[in-house]
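These features come from TrEMBL:
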- 121-153: region 'Disordered' (REGION)
- 177-442: domain 'SAM-dependent MTase RsmB/NOP-type' (DOMAIN)
- Cys273, Ala274, Ala275, Pro276, Gly277, Gly278, Lys279, Asp296, Asp329, Asp348: S-adenosyl-L-methionine binding site (BINDING)
- Cys403: active site, nucleophile (ACT_SITE)
Amino acid sequence: MWCVVVGKQIIDAVSLPRVSMKFTSERHFASKMFKEKYAKIVPLKTPTMIAMDNFDFYYGPLYGNRWPSIRLGLLTPNKYFAILNKFSRSRKENEALLKDLGAFNVLERVQQRISKEHNVNVEDEEPVPPVDTSGEKVDTSGDSAFSQEDESELDSVYMRGERGLGHFRHSGEVASLEERERLKTQSSKDVNVRKINITGFEGQYAELPTKNHTLTYPADLAIYSFPKGDLSDYPPPPKDKSGIPGWWLLDGGSVAPVLALDLTKGSNILDMCAAPGGKSLTIVQTDLLAKLTCNDNKQSRLGQLHRALGQYIPAGSDVADRIILKRKDASVLDSWDECSCYDRVLVDAPCTSDRLSVNRDDGNLYSTRLTEQRLNLPQIQTRMLVNALRSVRVGGHIVYSTCALSPVQNEGVIENGVAIADEYFGIKVKYFTRSQKVAYYF
């Protein structure tokens, strides 16, 4: 026993034996950064895995027996076409080089196949002028009531750089501000576009009239491809003395929308979502345009488009005077003023890009943080299509294309867009049937 005196109080205490205590850092001081069994219970999935699971769930029942083949195609490397650059001074040598590599001219092959099927001598035939529903010939010369834009708008419309297409000048067929405002007012008369609410069910009961149509492929467009199943790489394109590359590569599926435009001589064309510029360059190669307006919403993408045009089109060429770059948001209805201005409109709308979604995680719309942006795509696409319908002249053509297999982003958008354009703007549309014949006139 021993005592402790605290002030005036005496406290009895019992002495305890000393016990040596050992603290192991592993036992008492380690902090777990994750749960040991978390990854085993809930497997972590990348955006590409989420995209493929989504496609298997939705596209599998939709496409049935074709889905395994389509699925394999999504996972297979891209099949590229080489678009021969007509502005290169070594075009004939470049064409011979592609043929020596084993590539063939796609449009020539199509021409030979169709002429064989129909037993027709192509050289003896003349191009068939387009006809309207009444059977009368359509005047494609396009008498235009457009004049020079004022200088105040030029600075906001044209991009200027130091190389390539340094100056994009007028074609002489650009609508004035007064004319554009008049067309916009006439197009949206008695319509409050801000109150147009897109629900996705506008075209549920709409019937879209169809029309048989014959496509005419442009004679000056040279597209080369390796045979089916051959995924060989193209060599870097040779450059001529001016530094102009001999060709550029474009995904095979990206060529189809340009061919579907059915361009005629003197066409006034709008590429609504032009960047990065592959389709715009292909349109230029046809030598059928009176004016090409390349639009995009983002400044960075517009700069990319400008560099692409400047790289493949020599400075000071005649076609440079017919190319205009614009930066407008094509998905906004109330601020869109390009009304009844164009003969052809290409809407290569933003989409889920299914092939990229199953092969690349960076910027993948199936990432959880981009879910809302992905779900809003059909509304954005529908507004773009409505603006495209407002932009085209009577008798003009619109090509709507995506890189997605989803009917919601394709047929659904077309049906809803056409229904909205009819209800609010009085625009009547006819759908070109898939059973259309392809003309072989060059």
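Backbone N, Cα and C define each Cβ position, glycine as well.
Whatever TrEMBL says is automated annotation, not expert-curated.
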Take the C-alpha atoms of Ala275 (S-adenosyl-L-methionine binding site) and the residue listed as 'active site, nucleophile' and report the distance between them in angstrom, rounded.
15
Look at each of the recorded positions, Ala275, Cys403, and point out the one with the fewest other Cβ atoms around it within 10 Å.
Cys403
Translate the DSSP assignment of Cys403 (active site, nucleophile) into the three-state scheme.
coil
Near Cys273 (S-adenosyl-L-methionine binding site), which residues of its own chain have a C-beta under 8 A away, given they sit six or more steps off in sequence?
Asn295, Asp296, Asn297, Ala330, Val347, Asp348, Ala349, Pro350, Met384
On average, what pLDDT score does this prediction assign to the domain 'SAM-dependent MTase RsmB/NOP-type' (177-442)?
87
Quick check for the class: what is the C-alpha distance, in angstrom and rounded, between Gly277 (S-adenosyl-L-methionine binding site) and Cys403 (active site, nucleophile)?
16
State, in Å as a whole number, the widest CA to CA span among the S-adenosyl-L-methionine-binding residues Cys273, Ala274, Ala275, Pro276, Gly277, Gly278, Lys279, Asp296, Asp329, Asp348 given in the record.
20
